[in-house]
Structures are given as structure tokens and as C-alpha cells.
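To keep things clear, I will list the structure first and then write my remarks on it.
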Amino acid sequence: MGRLGYWTLLVLPALLVWRDPAQNAAAEKGPPALNIAVLLGHSHDVTERELRNLWGPEQATGLPLDVNVVALLMNRTDPKSLITHVCDLMSGARIHGLVFGDDTDQEAVAQMLDFISSQTFIPILGIHGGASMIMADKDPTSTFFQFGASIQQQATVMLKIMQDYDWHVFSLVTTIFPGYRDFISFIKTTVDNSFVGWDMQNVITLDTSFEDAKTQVQLKKIHSSVILLYCSKDEAVLILSEARSLGLTGYDFFWIVPSLVSGNTELIPKEFPSGLISVSYDDWDYSLEARVRDGLGILTTAASSMLEKFSYIPEAKASCYGQAEKPETPLHTLHQFMVNVTWDGKDLSFTEEGYQVHPRLVVIVLNKDREWEKVGKWENQTLSLRHAVWPRYKSFSDCEPDDNHLSIVTLEEAPFVIVEDIDPLTETCVRNTVPCRKFVKINNSTNEGMNVKKCCKGFCIDILKKLSRTVKFTYDLYLVTNGKHGKKVNNVWNGMIGEVVYQRAVMAVGSLTINEERSEVVDFSVPFVETGISVMVSRSNGTVSPSAFLEPFSASVWVMMFVMLLIVSAIAVFVFEYFSPVGYNRNLAKGKAPHGPSFTIGKAIWLLWGLVFNNSVPVQNPKGTTSKIMVSVWAFFAVIFLASYTANLAAFMIQEEFVDQVTGLSDKKFQRPHDYSPPFRFGTVPNGSTERNIRNNYPYMHQYMTRFNQRGVEDALVSLKTGKLDAFIYDAAVLNYKAGRDEGCKLVTIGSGYIFASTGYGIALQKGSPWKRQIDLALLQFVGDGEMEELETLWLTGICHNEKNEVMSSQLDIDNMAGVFYMLAAAMALSLITFIWEHLFYWKLRFCFTGVCSDRPGLLFSISRGIYSCIHGVHIEEKKKSPDFNLTGSQSNMLKLLRSAKNISNMSNMNSSRMDSPKRATDFIQRGSLIVDMVSDKGNLIYSDNRSFQGKDSIFGDNMNELQTFVANRHKDNLSNYVFQGQHPLTLNESNPNTVEVAVSTESKGNSRPRQLWKKSMESLRQDSLNQNPVSQRDEKTAENRTHSLKSPRYLPEEVAHSDISETSSRATCHREPDNNKNHKTKDNFKRSMASKYPKDCSDVDRTYMKTKASSPRDKIYTIDGEKEPSFHLDPPQFVENITLPENVGFPDTYQDHNENFRKGDSTLPMNRNPLHNEDGLPNNDQYKLYAKHFTLKDKGSPHSEGSDRYRQNSTHCRSCLSNLPTYSGHFTMRSPFKCDACLRMGNLYDIDEDQMLQETGNPATREEVYQQDWSQNNALQFQKNKLRINRQHSYDNILDKPREIDLSRPSRSISLKDRERLLEGNLYGSLFSVPSSKLLGNKSSLFPQGLEDSKRSKSLLPDHASDNPFLHTYGDDQRLVIGRCPSDPYKHSLPSQAVNDSYLRSSLRSTASYCSRDSRGHSDVYISEHVMPYAANKNTMYSTPRVLNSCSNRRVYKKMPSIESDV
């Protein structure tokens, strides 16, 4: 150091200490001062001012210290000069810390600084040169920190370099330089505890103080290509020179040294060979200025932390001069706060040994230009290297290059080259893979990146390994950086071809297609794989058509099934059953039950439909043999049809996968993609042979597909599956592999891998390469030995190719069954429309169809009548004016029917029946026109004292809804045979049989009009009336009385509990209140008659009649009684408005004859018919003439003589016109079932009862056939000849029909045998079926030539009264519980206990008075037994006339006339 430098050191302390007194005072009050010295070697291009300016106000912001930087440059850095400068600086400036950097590569500098620090306790930072070099065995009390890495950290990086390049075999060479033991120990420990397959062959420790001969002997032990060297830089020169003489430097040897050997990178000894690898502290990216700044930051940060914690900074030693004393270690030093320091966002922490925790190390190599080159970086425990393949350097000019080690480039493309990550545990490549390096970009803008170690395998990798063993070469494998095969762009080749052309690689191995353009710049080997261009498409899930469930059969088959076969077969079954002699009552055969179950076309279609689909639906099976055969054949057809449908259904319900069909590159989809909607989308990977081929041969196609090109094969596969691409054009070998290994096998190649522009894959070598011939011979050998075929089977065959014939089943989704759900939805919509139309028709439109709107016969009636006329050939005379369809019109028609009768029976000796009348018959004035007034709805009845009959006040409101409620709640009223308004028992005028007198009240009750099909021709009625009696003018109705009281004249409400659903229309009638009855009232006249003079069972009317009989010209009375309901309906009476419930309830006694032997001696008279009354045939007893209905078989106590006296009259009457039929011997207790000739002729005009077509062809029953069996108690249980047997058929007779008792020539068709047996078991009425018909006639001989046509009158099998019927529940049952027990109940309940022969001969008739009492009182029930009564009228016509229903009768008749209209 010169004189100037010496004087500077003497004056500097004085300058630092001297201050102005004011400044000293301020300093005492200000923050504590921190003095830091910076000493650098003079060789650095930096001045002291620049060093002081490195710490400015911006760095001191936020610090509680006043930092003073003292900068000093030194010319010499030898140990003596270094100690002198530091001691002088400490004596003058009292520094707290020192930042030291030199430009030497001598580790002695670090040792001197460590000594000073341990003596003065001043923290010293060695930031550069020898001060930062590795130092072993530091003083424990030292506070010396270095910007460098420890021996262990550098050894770790050296092993990482060998691991990345797979240099697992190595040798270790060291000297006795301090720290070598630590280095050897760490290497051995790491190798022994690592999963990497390290092989440390030799550990050689040299002593350079001996002769060179011994060094050479030890170096000759090295047989590995990788050598780790730990020594000083001077020792390394000696060792490397000896290694060169031994041939241990060159292409195949890699020397790796720590930073001790490299030292100062600017000083490179000539003995260092090219390719020498060193791990050094980063001098390239970490400048000296940055290191100084970081050193200052570390010291100030540690001082601030100490000040914050202890509120003081330790004072430094004033001088290092003086007598040596034993140093005392302070309790708290700055060293403790320098271990964990973070400055300027960087972790600058130090270890306990004084080295950085995260040093910035780099890998440098001595290149061929003899310069250190940075090739890698260690940062954050990660090593990144520049070269994918470590470059082979020519160490010296006299070294020969090694041509057997090749650099090979490849391209990732499965299955030829598959790239995988290294094993995370061993950090190496597993078996059957080779190491390969892949370049990964870190910064896309600067293309900066790093090579990452990967593992490669695949078809081409296996070929490469075979070639390496056969041809004898080694290689380094790396992946092409741009991921392309090779294309010439701007006269520059890229991809694998570019690597070979520009000699960065010796050869290129992979899926490289041989073509003419590439062959011009590189040499190709023989093809090892045949390939070309192919097209890959994706299978798309096909949609299932909504009509898929119909596709198992063609449209013609469905038409034949549902239109032809079903309809035709149903019609055939119906026709066979219609005309079958043993079928249902649909063929109008003679003798069949007129209202039995019918077999319609609808039932036939329903039966066949149920058979087709095996539905468990209730059907009605035919009974005819022919129709059964037809149904059986249809059932066999249904089995075949359904089985065939089920077998083919699965094939049409699955989703068929759709694949685009492409024939080749010339396909229209490729050449004219815009012709499709949407346009056909296809593409390829650019810069390949496929794109070049398309560009050269199909320019338009190439121009179109550029927008759909893909970056790689994997991206193309994803685009195919997601629908972004319709077709992918690429190498056939790759596409076949991808199709075979695709998950789900959704990707397929067209034509099962059809190839266009066939070519092959080859290995590209540099032009004129000496390896070409050897590689060609090896490849041909592989093909000949079958090794190539084995590799193809291993890598190129996929699992999808083996599963082409496998059937894959899947669950049916909603798309598969969509058509069936659509059909159900359509059916529900159609049902809703039908439901709305049904209600619209019922409430709005049906009146016009039934003729209410036009006051003419309705359309349905006309169609039904026309069908009947066509089938039976009956001429129906058109009327000029249709009958009135209101209530008055119905009564007028019945009046004309009564007037058209030839004779009216003159009945006398009317018995006082159970007519609960509040008024006597004598109170009324006899008027011949009473019927006309009643029918005309005038209500002009008067008493004998000229008082008007007062109507009752209505107990119900005038609201029509109440009436509709009553109609809806009615239970047992049969509106088809309802009574007239104010109706009461008929009293026939005895003196004048042509006049009718009826006791009628003015109470207006709504009655139903008869069915239109039962109406008689107005012309015929008029003609008959003219022949018998002129038509009275009273039956001409006024216009105001022609009102429509019913909504429909065709359908009449039936009994809800009894009616048949198929034939009943429950419609409410409109009640009409007469004008003259609004304010009339009547008195409650319930009386109990005194039965002293007259019979006890006579009512008031009967007794009144008997009293006045002597002065009356009447001779006969015809009354009809039916069963009565118990008194007082809790539910309002139907069709009654003016009703007053009596306060005192009385139940009339029931007259019954308890003598079972009465009249058993009577005989049957010959059959005759007299239009007039047969007075001779009448009994002499006037008391009970023709009105003995109160006496039944229960009257066992009556004497025979009394019964003979009371029931001695032997004539019957016409049930319609009431004319007498006296020639028949029999006493009738109720209305006759027979008609006269006139009524028979009139009844045939509009009546379309099917029974009219039945001719009585049965043979007359002989006496033996009829009376051949003897019954027990024959005389007591004989049928009384005066007991008329009238059978009443309930609506449930259609369910259980009565067998034919009389006509044995025709079988019964009531029910099927199976149902009959089920119903007969344990049935109270089951005995009816088993009684012989011959027993029904007793022992009397038949007097009729045609047999007993009793089957025309069916008797209900079930009890007639609700109390005896276990299946019905009436409102009367509830009434009895509320009001009390009816006096007639004992008789009603005792009836079923009679004899067996009597149980099935009993019928219940509702008395006329039960519904027609003047005060609408409650009714009582009577039970009478009837004779089995044959018809007495001569059957001189073709048709037998059914019973005419008229409104004057109160008999409950549930039998409904059949209608073809209901079946149509």
C-alpha cells in the first residue's frame, strides 16, 4: 500500500469521530447509529462513492437506526495486509459489521476472516471470491457468514446432475483438502439411502505431496465414465493433467467438480479439459453490487431486530491491538439475529455453519471455446438443465471422437412413442422404458425453458432398443421441441426432420412417414410399419323413434291386425253368436227371454282385444259353438302375434349407433362439405405427410380443412367425441391403434382401417450416415424373425378390435320408451276431449238428437226404427206429425189406447182394498170426462157438494234444484210406469162400460212419458177408437199444455239400485205444476174404519162402495194393488210438490187369507174370448168380485166354503183396454197379463220387442207331461185358478234370469252354467231352478192347444220386496228405524217361511193406492200368490204382444224394451 493509502487510514478515524457539538447533542437524542464497513478488492470496477450510494434513504425507510456505510478498496488481499486493514478500520471507526469481497480464489481468505470474527465478535459477511469459498471446521465462536453453499449442498447438486442424465455408475476422487471427509461421508450416505441405482465403484484419496507416479497408479483404478472430484483448484490442475495422460478425459468421461475447483471463473487453467462440469455460486445472475446491497440489508435487519428486542446494539471492540487477553463471549450478540433474515422479499437466512440456507447455485461447463458456460440452475431444491442430451465435447485436439454414442430425436405419439413421468420414488425410469428428456417452456415470450427428465416407451422405442443391441451403439434420447414430424417452412425444416438436417441428432425414430420431399434432405431406412392415410369418425348415439314400438311389424301388418282381422273377426263372432240357436238372446229366436244378456259387436271387439294382449279384463264369452271355435282360433293367432311382436321388439327399442359413412378422400363429404347441413367438418394435424398429401392432391379440400386442423392426435380425439369434429384424417397406423384402445370403443376407422395413399414408417438419418446400412439389415432381420410381428401384436392391436362381434346390452332409457308415453299422452288427451264432448252432448245437444228441439222423432229413434225395419222387413208408417213428447201427450196417448179397447170390464162388488183414502168415493161427482180432465192436467176434480178439491201445499220449495235432488236420490220409483197426477184406484162404471170414472185429486204430480218405442200409431188408435167409441173432443190438448216435462222422451229414468247399466239412462224429469193447484190445500183425513158391518180388511173406499152398491149401477171394479213402501219416506218423495205429512201415522191392516186349501177344487174352464162381460161366469158373491188380492196362500185358516164364495168368479180381462175375457176360468187378484185382439194388433206397430219375432212353434204339452208328478200336500198347495200369476222382472233379472217353467222345448238362457252353479249354492231362491215345470200346473189338464206361453212373463228370482231382498237397501229400512215397526211387517217377514212350493210362486205387487192415495200417505205392503196363468187370448197374429205400459198402472215393472239403438 502506498503512502497515500497509509495517511488515509490514519485520518479516517478522526474524520468519523469528529463532529460538531450541536450534531453530537442531536445524535444523543436521535436513533442509535450503526456503522458498517465495506471492503473490496481493488480489481473490481467500482468506486467507494458508488459503494456508499448503494445504501440510500429508500433502503433505510422504516428502520429505527442511523446507518453509516464506510467503503474501502484494497489493492492487496494477502493475509497480512488483510489483518492490518481490518484492525486499523476497527480502531478508528468502531464498526458493528463488515462486508468483505475479494477477487481471489484462495480459500485462505475465508480462514483469515473466520479468525478475525472469532476474536472481535464482529459479524463478517464474505460475499465474493475466496471469502465465499467452502471452509471446513469453522471456529465455534465465529460470526463469519458466507454467500455460498456448503459441501453437502454442492454434493447434492452433483448427484442430481448424474441422476438426470442417468449416470448412475461413478467414481469418487478426493485429496486431503479440508472438508474431504465430510464430502466422502455425505456421498456414501446419500448413495446408500437412495432408491436410485447408484454404483460408486471407487473412492480414491490422493496425496499430492508425493510423486506423480503414485497418483497415476491410483487413477488407473477408475473404470467409470463419471468421476466426482473434491480438491482445491491447484490440486485439480495436477490430478486432471495426470488423468489426461491416462486417457480419462474425452468424449466418454465426465468430470464433475465443486466450486473449490472452478474458483474464479475468469481464471481457467489450461489443464482443465473441455466438458468439465462444475457446481458454482451464481456469478452470472447475482452481481457484486447486489451482493453488497444484500449484505448491508442483512446487517441492518439483524440490528433492528436486536434493538427492538433488547433496546440496544452491542458495542464493537475498539481495537485489535494490545495485550492478548482471553476473550469473553457477550451474552447477546448480533450473530443470533442473522440466522433468520428476510430482506427485500428474499430469504437470506443462514445455517449454523454460516452458509446460506437457499444458495443460488449454477451448473457450469467448460465448453469447446474454453469458457465457462452456464448449463443449469439449482433453485428451490430443483435442478433445471439446458441440454436434453449432454453434449459430447472434444476435450483436447488429440482426442478422437466416439462415434458409437448417438443423439436420437423422437416424437411423442402413441403407440409408437409413449411418454411417461419418472418414478416419483426412485426418480428413475422403470423397466422397459428408456430415459428421454422433454423441453418445457417457462417463458413463452423468450422461449426460455428447461428440459425435464421423462421416460419413453412404445413400438418405436422397442425397435430402438433392439437396434442398439444389434448394431452396438449407445444413445441419448430426447423429444423434439416443437412436437412436429417435419415440414419445410420458409426453407427451414422443423420437427424431427429439422433436428436431423441440422445435425442436432444423428437419427430420428418415431412415426415418421416416408415421402418424397423428406427423402431429399435425409436418408430413410426400410419401412418397418405399413401405413397410409385413414379417416376416423365417432359413433354417435342414435335416437330411438317415437314409433319404435310399432316397428316390429310393418304398417300393413298393423292394418290387417286392427282394421281387417280385429274388426272382421269381431263381426264374424258377433254374427255367429247372433244367429246361433244356443247363443245369447241376440238372434230374436222364439222363446228366448226378451231382456236377457246380449252379445254385441262392442263386446266381441273387447273380447278379441283382451285375447290379443292377455289382459285380465272382464269379458263376455260367447255361447254358440261356431263363435267359440272362432274365438279359439283367434286366441291361437293372438299367441303367435304377441310372441312375434315381443321377439322383435328388443331389436327396435335399442339406440342404434350412427356412424358417418365415408368412402375415401374423394368422398362428396370431403369435396363438397357445404352441401350438408350442418357442413361436414374434418381436419388433420398440420406439418405432416397427411396434410402435404391433401395439399398436393386436393387443394380445395385442404383450404377448407385448415380451420378445423388439430394441434395433436389427442386433441383431435377429444374433438371427435365432443362433436366439434366430424372426421379426422391421419396416419392409418395411429388411428387404428387409437380406435382399438378407445374407452367405450366410440371411435372407429372407416372400412375397418381402410388405407389411402399407402406408405410406411422409417428411421431418418443424416444424409450419407454410416449407420443406414446396418440399421436396414437389422430391421429386415426383425421382420424375418417374426419379432416385428410380435411388437405389432403387443402395441398396435387394441381391445376394441376383439370385441366387434360382442353384443353390448344397456338399460332402456326414456328415449327408448318415448313412443309409448306419447301414445298414452295422446290417449289421455283424446279421453279428455271425449269426456268434454260427452258432457256437452248430454247437457246441451242430446235434446236435438231425441227430437225435443224439432218436436219430431229424434235421429237416434229414427235410426233404431230404420234398422229394425230393414232387418225384419216391417213397414213402418210415417206419421204426419210426431206425437207430443211432453207429459200431457203421454197421457193423451194412454187415453186413446184405453178408448180404442172394444169393451171395458164392468166390475162390481168392489172390495174395500187397502186404499188409505182420506175421502170417500161418495164425495165425488161422477163425471164421464174425468179421465180426460186428468190427462189434460186440468186438475178440475170437485166434491159432491160442488167444493173444489184443494191441493196440498208443497212442503218443499219451488227451487228446481230440490226436485232434481229428489230425482237423483230416488231409489225404487220406476218412472217408466209412473202414475198420473193425483192418481187413485180406477173405478170402472158398471152400468156403462164405455165410461171410466176414477177418483182423482187435483194434486199435480209429475209422471214420466212412456218410451217412444212403445207408442202406438195415432192412426191405428184413431181407427180402433172409431170402431168402438167415438173419440171425445176432450183429448184434444191445448197448445199451452204441450210442454216438455222430460228432457228426453227416449230414455226414462230407471231404478238406480236395479237398473242395468247398459240399458238405463237415469234422467230427471221436469216437474210441471198445474196452474189451478197452486193455492189448494187439503185436510188430513186419516181415519180408522169401524169393521163391524163390513169385512175387517176393507178400506174406507171399499166400505163406501159397498154401502152405495145397491143404488149404484156399477157391477164390477177393477183394482190393482202393488207392494207398498213403509210410511213416511225420510227422503222426499219423487215428483211430488204438494205433500203434507200427516201428524198421526197409521198403518192399515193387511188382509190376508191364511187358508192354504181355499179354492183348491176349482178347475180351469175352456179358453174363450168374449168382448163383452160374461155375467154367467161371474160368481154370485158380490162382496169380493174381482178384488180378492188380499187373500194369499197364507190364509190357511179360512174355510173352504168361504173361499169358494168369495172367489167364485171365473173371468179375466184385457190388461190394456180392460175388456172382459170371461171364458177363462180363473179368479184374478191383480191386473191381467192378457190382451184382446185389438190391443194385440195395435201393440205391434211400433213395438220392436225382439220377442215378437218368436213364433210359438212349441208342441202342446200333454196331460202326462204337465201333471205327471205328484207333490206333497197336493191338494193343499194347488194353484188357485183365480190367482193370476203375473211375473215382475227386476232390472237384475238380466243377471239372474228365471228358468222356463212351462216351455220345456226351449232351454233356459239366464246365466252360464258356471255362474248358475255358483248362485245356486246356498241360495234361498236356488230351489227355483230345480223345481220341475210340470209341478207348476198341479194335476190339472192343459186346455190350451199351443202350450202354456208362460215364458213370455218372466218372474223375478229375487224377492220383490226390499225387506226380503238381501241385496238391496231402501230408504224404508231407515224409516222403520226412525218411525217404528209397520203392522204389516209380521206378514212380510213370515212370507219366506212358507212351503217350498209356495216360495217361488209369490210375487209382490204395488197397490195402486200405494202410490195414488189422495193424500199421499204412507203405503203398506201386501203379498199375494199367483196362479201359473197361461194366456187366454187367441194368438191369431204372427207376433205376440208384450204388455203395454201405460201411466194409469201403478205396477212396478223393471222390464225394459230392448233397443237396437243401444247396441249400435
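Heads up, the Cβ atoms here are built off N, Cα and C, so glycines get one too.
Taken from Swiss-Prot, the feature Zn(2+) binding site covers His44, His128, Glu266, Asp282, and the record attributes it to experimental evidence. Around His128 (Zn(2+) binding site), the C-beta neighbours below 8 angstroms that are at least 6 residues distant in the chain are Gly101, Asp102, Asp103, Phe147, Leu288, Arg291. Taken residue by residue with DSSP, His128 (Zn(2+) binding site) is part of a strand.
Per Swiss-Prot, the feature L-glutamate binding site maps to Ser511, Thr513, Arg518, Ser689, Thr690, Asp731. Around Ser689 (L-glutamate binding site), taking its Cβ as the centre, 25 other Cβ atoms fall within 10 Å, counting all chains.
Marked as disulfide bond by Swiss-Prot on the basis of experimental evidence: Cys87-Cys320 (among others). A sphere of 10 angstroms centred on the C-beta of Cys87 (disulfide bond) encloses 17 other C-beta atoms.
Around Cys429 (disulfide bond), the C-beta neighbours below 8 angstroms that are at least 6 residues distant in the chain are Asp166, Ile422, Asp423, Pro435, Cys455. What Swiss-Prot lists as disulfide bond is Cys429-Cys455 (among others).
Of all the Cβ atoms in the protein chains shown, 27 others lie within 10 Å of the Cβ of Cys436 (disulfide bond). The disulfide bond annotation in Swiss-Prot covers Cys436-Cys456 (among others).
According to DSSP, Cys800 (disulfide bond) sits within a helical segment. Annotation comment: Swiss-Prot describes Cys745-Cys800 (among others) as disulfide bond, evidence class experimental evidence.
Residue density at Asn75 (N-linked glycosylation site): 11 other Cβ atoms are found within 10 A of its Cβ, drawing on all protein chains shown. Residues or ranges marked as N-linked glycosylation site by Swiss-Prot: Asn75 (among others).
Residues annotated as N-linked glycosylation site in Swiss-Prot: Asn340 (among others). According to its DSSP assignment, Asn340 (N-linked glycosylation site) is coil. With a 10 A radius on its CB, Asn340 (N-linked glycosylation site) counts 14 other CB atoms from all the protein chains.
Residues or ranges marked as N-linked glycosylation site by Swiss-Prot on the basis of sequence analysis: Asn443 (among others). In this view, Asn443 (N-linked glycosylation site) is surrounded by 8 other Cβ atoms within 10 Å of its Cβ, with every protein chain counted.
Residues or ranges marked as N-linked glycosylation site by Swiss-Prot on the basis of sequence analysis: Asn444 (among others).
Feature annotation from Swiss-Prot assigns N-linked glycosylation site to Asn541 (among others); the stated evidence is sequence analysis.
Per Swiss-Prot, the feature N-linked glycosylation site maps to Asn687 (among others); the stated evidence is sequence analysis. Long-range Cβ proximity for Asn687 (N-linked glycosylation site), meaning a same-chain Cβ under 8 A and a gap of 6 or more residues, is found for Lys484, His485, Gly486, Lys487, Val489, Asn494, Gly495.
The feature phosphoserine is assigned by Swiss-Prot to Ser882 (among others), with a large-scale study or a structure entry given as support.
Residues annotated as phosphoserine in Swiss-Prot: Ser890 (among others).
Annotation comment: Swiss-Prot describes Ser929 (among others) as phosphoserine, evidence class a large-scale study or a structure entry.
Marked as phosphoserine by Swiss-Prot: Ser1025 (among others).
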DSSP-derived class (H/G/I helix, E/B strand, else coil) of Ser689 (L-glutamate binding site): helix
Pairwise C-alpha maximum, in angstrom, for the residues (Ser511, Thr513, Arg518, Ser689, Thr690, Asp731) that bind L-glutamate according to the record: 16
Remaining residues near the recorded L-glutamate site, that is with C-beta within 8 Å of the centroid of the site residues Ser511, Thr513, Arg518, Ser689, Thr690, Asp731: His485, Leu512, Ile514, Asn515, Thr531, Gly688, Thr759, Tyr761
List of residues, in chain order, with Cβ under 8 A from that of Asp731 (L-glutamate binding site) and at least 6 apart: Ser511, Thr513, Thr531, Gly532, Ile533, Ser534, Gly688, Ser689, Thr690
Assigned conformation of Ser511 (L-glutamate binding site) - DSSP reduced to three states: coil
Folded-back contacts onto the transmembrane segment (625-646), same chain, C-beta under 8 angstroms, at least six residues removed: 552-553, 561, 565, 569, 572-574, 576-577, 580, 582-583, 607-608, 611-614
For the disulfide-bonded residues Cys455, Cys456, Cys745, Cys800, the one whose C-beta sees the most other C-beta atoms within 10 angstroms: Cys456
Helix-strand-coil residue split for the region 'Pore-forming' (599-620), DSSP-based: 12 helix, 0 strand, 10 coil
The one of Glu266, Asp282 whose CB sees the fewest other CB atoms within 10 Å, among these binding-site residues: Glu266
Top Cα neighbour of Asn75 (N-linked glycosylation site) in the set of recorded positions Glu266, Cys436, Cys456, Cys745: Glu266
Neighbours of Cys800 (disulfide bond) among the recorded positions Cys87, Asn443, Cys456 (Cα to Cα, within 10 Å): none
Nearest-integer angstrom distance between the alpha carbons (Cα) of Cys436 (disulfide bond) and Asp282 (Zn(2+) binding site): 28
Spatially closest candidate among Glu266, Asp282, Arg518, the listed binding-site residues, to Asn443 (N-linked glycosylation site) (Cα to Cα): Asp282
